[in-house]
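Beneath this line is the structure, given in structure tokens, with notes to follow.
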Amino acid sequence: MAEDNELQTVKEAQAGDDPPKDFTVQKKSPKLCGSNYPLSIAFIVVNEFCERFSYYGMRAVLTLYFISFFHWDENLSTAVYHAFSALCYFTPVIGAIMADSWLGKYKTIIYLSIVYVVGHLIKSVGAIPSLGNQAVHVVLSMVGLFLIALGTGGIKPCVSAFGGDQFEEEHTSERSKFFSVFYLSINAGSLISTFVTPVLRGDVKCFGEDCYALAFGVPAALMVLALVVFIAGSGLYRKTPPQGNVLLEVCKCIGFAIKNRLKNRSRQIPRRDHWLDWASEQYSKQLIGEVKMVTRVLFLFLPLPMFWALFDQQGSRWTLQATKMNADFGIYVLQPDQMQFLNPLLILVFIPIFDLGLYPLINMCKFNFTPIRKMATGMILAGMAFGLAAIVEVKINETDMPQLVPKESLIQVLNLAKNPVQVTIQDQNLFQQPVEAFQNPDEYSHLILNGEQQSLHFILQHQGSSLAFNYTVKEKSVYSLIVFEAEGSLSSHLITDLETKPENGLAAVRFINGLSQDVNLTIDSKQFISVQRNYGVSGYSLVERDTYDNGKCITETGEFTLDLGLLDFGASYTVVITNVSGGAVQTWKSEDIKANNVHMAWQLPQYLLISAGEVMFSITGLAFSYSQSPASMKSVLQAGWLLTVAVGNTLVLVVAQAAPMAQWAEFVLFTVLLFAVCIIFSIMGYFYVSVDPEDLEEKEEKRETTNRGNMISLVTQKTKL
């Protein structure tokens, strides 16, 4: 989660959003229980909780939605996810300009919340499988996501500032406590939603599959509630009129300075101390001085997007990694997208531990742990988290199917006869030992072909007799050779197997009917499979990981119990029906693709590291940057900070699409890039000299006063002469 990006909007509101002194409030807002807290803030806090639940709940299931519902590959799903996240952090600039220059905060929140709600509703409708084809679903989803990004980003800089406007100037301590409660509501909404919405997606079934319509519909309902609650408090709010947007003024000042400098490139024109001094013909020295302070901090922001490039992959690459792991925690089976709830939980735990324990302890050791060093440490922790993610990914890949190359295929032998069978394949040095009856193969064997496909000659030796068969094998394919006895003689089938693991932690199962009669199978209440007699083979069925001990097998002679046992995460099974006796079906189960054997708990260390890194990097960075700029420039820093998040997400988008590679290698790449950026940032921080904006402003005022005094003296002397 990026709740600390919300914290900077809170800090900005706390620092620079006092109601103007010349603004007359028409009436005082009623107070909460006789305190100095306006009743209106209750509506604002509830609104923020619902809105954050809405946003983070929807985003938690977004990557798996692209994978499972649209059947996009992992790279495209990751790219679209981060394109959406980037847009959510570009649009706050639009919201701030609308609020400060045109509509005011209240109307901006109302109008963009309506856009937000419409986006959620369109997104939820687009997740209904029976509504149109995939093109319709994609268009509806993309339109919905665009409106959601415009809504959530647009109101982001307005809500916390609007809450600060509700307090009277003398109630500064109450306002400070309000921002703490406001930030708590952000984290509470994020924590609850990232745990609940994956449950709605995975544990609730609708339209015969994961219920994405419900997983998106509940956040939509919460956003509707957020809008209703906010409007309900309309009569209680203090509403300040638009005061002008300082961000636009800063951009104009910088633009004029650059333009003026380019116009005056002649060597005859005297040089100026700073490139921003070229704006002095049109802008005041105070504004130019404040812009100088801000640009010093914004320059330090340049390396920061790389941290966010790693951090925001919790909802994409790390979630996809979790789908390939064992999620059984004994008392509870986690959904892969539920692991994201660890971040807001750990943030709430780490903030008091760091502030009350770690930082004071470091100070006692006489180590100067400056803000720059804290931020660099946060980068290192995030890089270490991705290093651990790479190690976990390598271990996960051990149970994957081998990556096939041209002129190569895989084959295994399933001997369903009563005695061992020796299998020989033309021009292949495989199966040196006889295959025992009902022997579970350890792994597939590699077939080397002489072209895209080849007809291979198979020889089966069984109890002194020899039988020959020809089968055509295609490259980059996976096969099982089924050997069985039919009507007293040996026979075989060559069937096609899965080439990759089942997606999203599902299990795949198929059946071979060794009976002399057709069977109809029921795995659970939703899976009905018909298999023909005499070693007919069914297609694969994808099922949730579970123990299936209450299935049904219906034959011509009756109905029997079917016990499949545990069908585990990511495994593929072949189940052979061998006999019927005692009211139950006798089966033999072969695990063709190994189950996910790396437990999801191994992601916990990387979540611990990146959450600790966020506390050191984000919270420290915000406090430091705010301490280095004048109060009137807080909103400019807010925009700059949010843009670093947007650029970071854009970097992930570029890497996912432009340089696809093995996942472990991509994790290593991001680790190396962040460590390199950390070194650059540390060097920049070493040469950065911290300043107190108030001291600089006082010095500037004294200098101006001195200059004015000198000018007065000059004028007096001239008058005397």
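Every residue number used here counts from 1 along the chain in the order it is shown.
Each Cβ is built from the backbone N, Cα and C atoms, and glycine gets one as well.
Looking at the stretches 1-23, 254-276, 530-552, the one that TrEMBL records under the feature region 'Disordered' is 1-23. Across 212-237, 293-311, 341-362, the stretch most heavily in contact with the transmembrane segment (639-661), judged by Cβ pairs under 8 Å, is 293-311. Counting Cβ pairs under 8 Å to the transmembrane segment (180-200), the top-ranked stretch among 53-72, 212-237, 293-311, 341-362 is 53-72.
Each of 53-72, 212-237, 293-311, 667-689 was scored by its Cβ pairs under 8 Å to the transmembrane segment (109-129), and the highest score goes to 212-237. Among the stretches 53-72, 212-237, 341-362, 667-689, the one making the largest number of Cβ pairs under 8 Å with the transmembrane segment (293-311) is 667-689.
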